[in-house]
Amino acid sequence: MENPVIIYVISDAIGETAQHIIRAVTAQFSLNKPADIRRHAFIRDESALLETLEEAKAADGIVVQTLVQAKLAEYATNFCVQNNIPNVDLLHTLTAAVEAKTGLKSKQDPGNMRRLDSNYFDRIAAIEFAVKYDDCKDPRGLLDADIVLVGVSRTSKTPLSSFLANQNWKVANVPLVPEIPIPAELFQIPAERIIGLTTTPEKLAQIRKVRLKSIGLDEASSYSSEKRILEELEYGYDTFKKLGCQVIHVEDKAIEETAALITEIITSYH
């Protein structure tokens, strides 16, 4: 089909759960155009819900709902059935199963998933930590980090730091440049807290050329030259060996996949 698949996320909270699942599902299809995901969050009454459902009907879309309140979920399901709209309820099949197994009733409180508890504030602190100690802005932060990522330029250190921070990990990262000495603090922390990131010369050259082009610089710069890349990668391997740290190849891996490998390694030491 030429037009993108339109998917309406309807939630009485933020709607992140549905959005993550939709992206995982649509990634399995060779779509001509990316799915058009339209998120409608904090739908807490029937009038707002009806307005969104009418919009989904007019757009010939798919409805994916994460409505905690059973009354609203039932309303949405009935509307979709009556109007022949594909509808997926991500919460209530599992909710019913848990109720049947435990004998307990769901609280049906949409805000319960996002309470400002200690976990929330820990996550905010981790995000602030990742920003403060990104790119080794202050080497002293390495001593307080749960995870330290080390690698040459364009090996996903910053995006991985951000992703892991959202999982409550305090992450610092250190760029490896042959001309710049390694901070002494890196040798003062346990090797099991350090993860080396590397990639293939071909992949690194490709990524660096794209980066140079995006900022209007010559793709033939030494930054993306084969000689320079091989020199940096070799320096990286020498550094990993000195540190005695685990090493992950990031080429052709999604950030989520690499992050999962990192947390698996880190938690295996505890």
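Easy rule for this one: first residue shown is 1, then count along the chain.
Using the three backbone atoms N, Cα and C, a Cβ is placed for every residue, glycine included.
Here Swiss-Prot flags G151, V152, S153, R154, T155, S156, K157, T158 as ADP binding site. Residue density at R154 (ADP binding site): 23 other Cβ atoms are found within 10 A of its Cβ, drawing on all protein chains shown.
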Candidate with the highest Cβ count within 10 Å, taken from the binding-site residues S153, T155: T155
Cβ neighbour count (within 10 Å, all chains shown) around T158 (ADP binding site): 17
